[in-house]
């Protein structure tokens, strides 16, 4: 039976000094040295830079049609044209600039939606867990109800009725995800509520909000970073799925989901239209999943070691 | 026994309330959204008077509360989820100005539509989930017992890559490769069990990595526990330690993941059935939403949230059996 610990960082003898560091800092120290995290972070940074730089560098209009060059294959394939490294689609639009614009949209919607549901969810969770009593019960029942409506049903009900805009898609994603954070942070806040330092702060006259923001949040939130990273990946997939099903953002907006849905019709003779944007999406999700795995493992190692 | 009974009554009554509220929310959303079902059923060319008459006949003029009351009343008293706006019993579309009377008589009952599609979805779900479980358990346990060594790293890498492939994309790739290039398996539609294979594989690719991760992290964290480490001192062989303690302890996180996956299965099925044009409940759902077939959407939402609630109760109950410390 192996008794070796999972994480390379945790395998080192615990230095007495790290014991005194805050939980969040210890998790970060253990994460930083993980090769998975480094690989994921580099990949993520690369894709992010590509998406951001392409805003300024590429002057090719992703919706500009060019019928002479339609179905031009990507680099490496026979008959490729050098001005279209990823080829062109059925209307002769440049696939590289389309993919990069799709990447920008995915980043924008994913990051905004994750940040919003993190903020809303943890605000509700922290408050409910810290205050307790009736307020806690009411808030948590709302969370239960929200969680019992399957996200996909919620999404297609709302988006099936109204015309999708980026703001609406973000709201749907936030609506489907915030309860998770509320649940996670609530248990963290619950554990801190009766700690001595909280009582001491109360005796000194600190308000609830002050204690929550300055004392409880810095302890209860960092362990949830891994959930946020995984969620970012989930939100990005979800956004692409909605576009793919045709109820999210609509063509001609070149989101990754729209491009892949479009390209499916031409799988037989122009495989690259559907396949290559998917590769970018996969790399993006892969980078997030690697970082998330590293964070989760570090968190588990720190929590189990702290017992 | 008494504890179990009280657990079940408490959770089931809570669950009924949750399903009721979920139904209310979906019902409200559908009513406040744009689109007039009476206008749609009567057809675009009908005059206003016939639209109004139809609207009155369907009860769409009643106050919101009355409509919802009638709806819930019908479900509770005789399991009547209403009739589809669009579909007829023989599978053809009605309404939309084809000139036929859109009375309730020739419109399909929602429940029969759902029951008609359910078996195929269940078969697909069972095949995909079964495949995922069979693949993931040995790999996950094997990697978990070798935490920190190469099998562990390979498994993390492999499952990260698999979990990063969106199902709608991998489905396209598989169709391109297996159906178009190699012509081994049929790609879309359904006319025989052969059509289950590709969708089930896509479903398994989506779920297996998550089970693998759960197994490996649960097993490796169990092997770090003190009571496992000292078990050899108590004279237990490594086989006994593994089956009696490690597996049993790892079962709780596994069951929790299984619960989460069962609930997220619905979303996966919806996408996969849509991609493969597979005539199950997921495809019916997408179609119902696109066609604004409100009674059908409502009923599907109720069926699915009931399933959600039941899965959560089952997960908590079964976890309690494996780890008596968990208080349900």
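Backbone N, Cα and C define each Cβ position, glycine as well.
According to TrEMBL, the feature domain 'ABC transmembrane type-1' maps to A:103-292.
Using a Cβ-Cβ cut-off under 8 Å and counting only residues 6 or more beyond its ends in the same chain, the transmembrane segment (A:36-58) has close neighbours at 96-97, 100-101, 103-104, 107, 280, 283-284, 286-295. Under the heading transmembrane segment, TrEMBL lists A:36-58 (among others).
Here TrEMBL flags A:105-131 (among others) as transmembrane segment.
Per TrEMBL, the feature transmembrane segment maps to A:152-178 (among others).
The transmembrane segment annotation in TrEMBL covers A:211-233 (among others).
Per TrEMBL, the feature transmembrane segment maps to A:266-288 (among others). Residues 39-41, 43-44, 47, 71, 73-74, 77, 86-87, 89-90, 95, 98-99, 102-103, 106, 229-230, 232-233, 236-237, 240, 256, 259-260 of the same chain sit 6 or more residues outside the transmembrane segment (A:266-288) yet have a Cβ under 8 Å from a Cβ within it.
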Six or more residues beyond either end and a Cβ under 8 Å away: which residues meet both conditions relative to the transmembrane segment (A:105-131)?
48, 51, 139-140, 143, 166, 169-170, 173-174, 177-190, 192-193, 208, 211-212, 216-217, 220-221, 224, 228, 231-232, 235-236, 239-240, 249, 253-256, 281, 284
Report, as numbers and ranges, every residue of the chain located at least six residues beyond the transmembrane segment (A:152-178) whose Cβ falls under 8 Å of a Cβ in that stretch; write 'none' if there are none.
105, 108-109, 112-114, 116-117, 120-121, 124, 146, 231, 234-235, 238-239, 242, 245, 247-250
